[in-house]
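Have a look at the structure below, then the notes.
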Amino acid sequence: MVLGVLLTLALVTYQPSDNALARHFSLQAALDPGNNRAENALGLVGAALAYLLVARLFGYASVLLTGLLVAWGYTIFRGRRPRALPLFTSLLLLLVPLLAASFGWIGVVFNTDLHTWSGDLGLALAGWMTQVFGSVGALGLLLLGLVSTTLLLIDHDLQRSFDRLERLLASLQESVRRRWKSWRQRQTERRRERAGSSQRPHRPNTPPSRASSSPAPPTPEPRPTPAITDSTPSEEAVPRHELLRNLMHDAPPSAPPAPRQPELVVRQGIKEERADHIERPAALPATATLPPYTPPPIDLLDEAETHERRIDYEELEENKRILLDKLATYNIEITSINAIVGPTVTLYELTPAPGVKISKITALEDDLAMALAAPGIRMIAPIPGKSAIGVEIPNRHRELVRIRDVIGTARFRDAQMELPIALGKTIEGEVFLQDLTRLPHLLIAGSTGSGKSVGLNALITGLLYACHPANLKFVMIDPKKIELQQYATVVDHFLALPENAEDPIITDCAQALAVLKSCEREMEQRYDLLAKAGVRSIKDYNRRLQEGALSPEEGHRHLPYIVVIIDELADLMMTAGKDIEGPIARLAQMARAVGIHLVLATQRPSVDVITGLIKANFPARIAYQVATKVDSRTIIDQNGAEGLVGNGDMLFMMGSHLVRLQGPFVSIDEVERVTRFIAEQPGPGPYLLPGLEDEQSDEVGGNGSGDSYDELFEEAARIIVRSQQGSVSLLQRKLSIGYTRAARIVDQLEAAGIVGPFEGSKARRVLVQTEAELDELLRTLRSPS
């Protein structure tokens, strides 16, 4: 960077009088210049460099090369990834010789000395092009190269540049047309005024209506006074064309000119301040010895291609014209119209004229959608806090909002929240954050392909960036077995597991029920600790523990937040029904104060899945695109979600407040990079949830002690050997027993040498291959030792 600044200074202070010194430049002359003083600001060295770049190569266009050095130096100094810089460098290396050749062409064709602007190389290139293509051909090629390269430098896309130029020409044409129309109207009004003042006839004091409508009363004798009709003729006496001409000049115009359509005002969106580093302070437990932890850097996430919002003014004007024309068809006048361009939709704020009923406009929703040929529009009548009606129309070209555009901002970094979840961007372009501890639970629903799973991954990724492993643990239940498996690698950092759990990600419905009951037990234990400490929230409890007011010797411990994520609630409800609904409702009702929060997602938003008991405890809900209005009302108690356009387009409801958002996109590769970075660090191990005591005697075999085997031990052993699959869920299905008893039997099989040890997400290895070997082993176990 410093080298680029110095080279720029040398080129700017170039003097042709230094060329003689620069031609004989040597290291000895630079160290001992004597009387050879250069006028360049950097002395002989600067004169030599300026002579090389300006005189011999590309003239003053070489300044662009020094600017390129400055850009590369600044990028390396800040430690940023040079994503767009290689393309910028290539285009600039092409632009410099084109500029030099252009100045050289002027010098060759017009016989002008522009050597300092073109350099020797530019002059030679211009001379060659003039000889090969002629003066006109060389000029055309140079202009084409200059324009194309400049446009690529500005927009990185020629089509985008042509669209910008087309909008500029259209705007200029519209401005000229308006001015010409206004000038013609003024001229017409002036001619009408002059014609009216010159042709208006002289009127006597007696009004003609009185003379013509009221005949003179009869008199006994005639008088010589002339009749009034002589000076003011009646309507019957005046020719019809004369009467019409007088009326045209005397009376005001019968029909006023049609009102002009209001101008469209495009409001600029909010530009968020970007953050290169996300360093949120973490309140760590003072009593625990934790391994060092480094949060994942923001560079692990992909950056958007451009941060500038692309506004299609032609599309805005077309939609405005269709809206106003369609409303005018039904005699609905609009006094003003504003447009707010969002990443997915554009909000048009229509202010109706006084006396227009809102119901007349909302009744035309389907007609407006058909006229606009839009996949779906949504009306807000009225906009809260404004005397206007909102019409949300999907954009033709949608903007991709990446997860880095949301969490890589100063708003996310400085958010005073315990569990910040990055939901996306509003129509105004503002990053929308919510604190999960205040929601306190979240219900997500949407049809297949609407962006629900991507939204869950974005929520989890944001929490991984925002929280320390000591303060946050996840319980992940994934009946589909594929959506949340990438988070199994962070089991030692961010996952909470029940005792004897086989997989870090719960995929079996029977195991899910056991895990939820284990979370209930954890909730009860935490309430006991809070009551013992005399506090009402987990935040106050951890603060008192941090201050030393609570002693670990009395059983007190640091309590992290626990976020229970269920990716497909419908599968659990179909399998367990009321059994799963009870623990979910109890956790939703009571677990907020002790730091346990639920995030439920489903792709089937029906009343048998999202029951009234569940909805009543989830005031915060997210609706992605659904198929019908009934599904929309099931989620957010009103219509609207059926008109969304998918791919992360959502409606967030908190109480009665509804906000339309564009959810951020996070790819599987980004999630894997983040989880791999976390997994490579030493972790404290998974957070163990309390085990369940058996409540039914039929789930316990024998006396339950570790010295005896379950009464189903032999049958379970034969099932395992026949299927060659050491799985707890297999025993649950085959023997119709609960998870706790099946897990205990598997532990007994391991102790007997029939199955191998626990191997993470893989099934246990079966050590006995045939039933004959099993019979021999069982006889050995029965015989007294």
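The backbone N, Cα and C atoms fix where each Cβ goes, and this holds for glycine too.
Curation plays no part in TrEMBL annotations; they are all automatic predictions.
Copied from TrEMBL, the annotated features are:
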{"type": "BINDING", "residues": "Gly446, Ser447, Thr448, Gly449, Ser450, Gly451, Lys452, Ser453", "note": "ATP binding site"}
{"type": "COMPBIAS", "residues": "186-195", "note": "compositional bias 'Basic and acidic residues'"}
{"type": "COMPBIAS", "residues": "215-225", "note": "compositional bias 'Pro residues'"}
{"type": "DOMAIN", "residues": "428-633", "note": "domain 'FtsK'"}
{"type": "REGION", "residues": "182-237", "note": "region 'Disordered'"}
{"type": "TRANSMEM", "residues": "46-72", "note": "transmembrane segment"}
{"type": "TRANSMEM", "residues": "84-108", "note": "transmembrane segment"}
{"type": "TRANSMEM", "residues": "128-154", "note": "transmembrane segment"}
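Within 10 Å of the Cβ of Gly451 (ATP binding site) there are 23 other Cβ atoms, across all protein chains. Taking the centre of the Cβ atoms of Gly446, Ser447, Thr448, Gly449, Ser450, Gly451, Lys452, Ser453 as the ATP site, the nearby residues of that chain (Cβ within 8 Å, site residues left out) are Gln603, Tyr624, Gln625, Gly646. The binding-site residues listed here are Gly446, Gly449; among them, Gly446 has the most other Cβ atoms within 10 Å of its own Cβ. Lys452 (ATP binding site) carries a helical DSSP state (H, G or I). With helix defined as DSSP H, G or I and strand as E or B, the compositional bias 'Basic and acidic residues' (186-195) counts 10 helix, 0 strand, 0 coil.
A simple Cβ count within 10 Å picks out one of the binding-site residues Ser447, Thr448, Ser450, Ser453 as the most packed, and that one is Ser450. Averaged over the domain 'FtsK' (428-633), the predicted model reaches a pLDDT of 90.
Long-range Cβ neighbours of Lys452 (ATP binding site) (same chain, at least 6 residues apart, Cβ-Cβ under 8 Å): Ile444, Ala445, Gly446, Ala601, Gln603, Tyr624. Mapped onto three states, the DSSP output places Ser447 (ATP binding site) in coil.
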